[in-house]
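Some features that TrEMBL has for this protein:
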- Trp10, Leu45, Glu66, Arg127: S-adenosyl-L-methionine binding site (BINDING)
Amino acid sequence: MKHEFWHERWEKQEIGFHLADTNPALAAHWQTIPVDLGERVLVPLCGKSVDILWLLREGYQVVGVELSEVALDAMAESIEETFSLAVDKQKVGDYILYRAAGILLICGDWFAMTSYDTGPIDAVYDRAALIAMPEDLRRQYSEQLRAVAGNAPQLLVTLEYDQSEMAGPPFSVPVDQVESYYGDVMNIDLIADKDCLIDEPKFRERGLSSLRERVVRLTPKV
Ligand SMILES: C[S@@+](CC[C@H](N)C(=O)[O-])C[C@H]1O[C@@H](n2cnc3c(N)ncnc32)[C@H](O)[C@@H]1O
């Protein structure tokens, strides 16, 4: 997707993907990810996800990457309110960095990011990031994730539906596609699979006849 598409979503607040509450899949399954408290969790394409607040509350450090300054201004405000701390915002090179103890939010293009920008990553939480990418960008997204986070374990929430019934985003990304992106170096375990069309009237209105949410755990092959 062009950057303009996402900037416009945030300017117009057309952000149907944003959840007011912690994603139940994160709360239910994060403990199955081999990462210790205090370690650094990367949240690519983070928007203003309240899942970041959950990870911080649990005791992890968080690195978020997001294109939209509107989103990260809102994220920084929630962090300040929730944890009563000041988030420092500074333009550094091509990025705007938001920093506080244990928190780094990078405003910039994911595809330009390096591991030098993010620092070392111990685990990844991908909700609505891989599935926000059209098919022609998905491999590049996964290669970028591997470049930035190496083989860090990952909790990935994906959706599967008949792509001919609805144009994304979100796009349908079946588990075998996840396997094709990461399976050479990661074990791919399907840890939850639910029919979620009943909870998603807006997708029913967009023409979907079936929608499954799949939670996938990726751990490095030894
Ligand atoms: C579907 S939203 C998901 C946001 C968040 N993960 C959540 O669960 O609410 C995708 C996000 O990716 C951001 N994004 C899209 N392309 C990007 C890029 N190239 N670099 C950084 N962020 C990007 C968009 O601005 C948008 O906030």
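Glycine residues also receive a Cβ, built from the backbone N, Cα and C atoms like all the rest.
Overlay of TrEMBL annotations on the structure.
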residue: Trp10; record: S-adenosyl-L-methionine binding site; Cβ contacts under 8 Å, 6 or more apart: Ser68, Val70, Ala71
residue: Leu45; record: S-adenosyl-L-methionine binding site; Cβ contacts under 8 Å, 6 or more apart: Val65, Glu66, Leu67, Trp110, Ala128, Ala129, Ala132
residue: Arg127; record: S-adenosyl-L-methionine binding site; Cβ contacts under 8 Å, 6 or more apart: Asn23, Ala25, Leu26, Ser49, Asp51, Leu156, Val157
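With a 10 A radius on its CB, Glu66 (S-adenosyl-L-methionine binding site) counts 26 other CB atoms from all the protein chains.
DSSP assigns Trp10 (S-adenosyl-L-methionine binding site) to a helix. DSSP gives Leu45 (S-adenosyl-L-methionine binding site) a coil state; it is part of no helix or strand.
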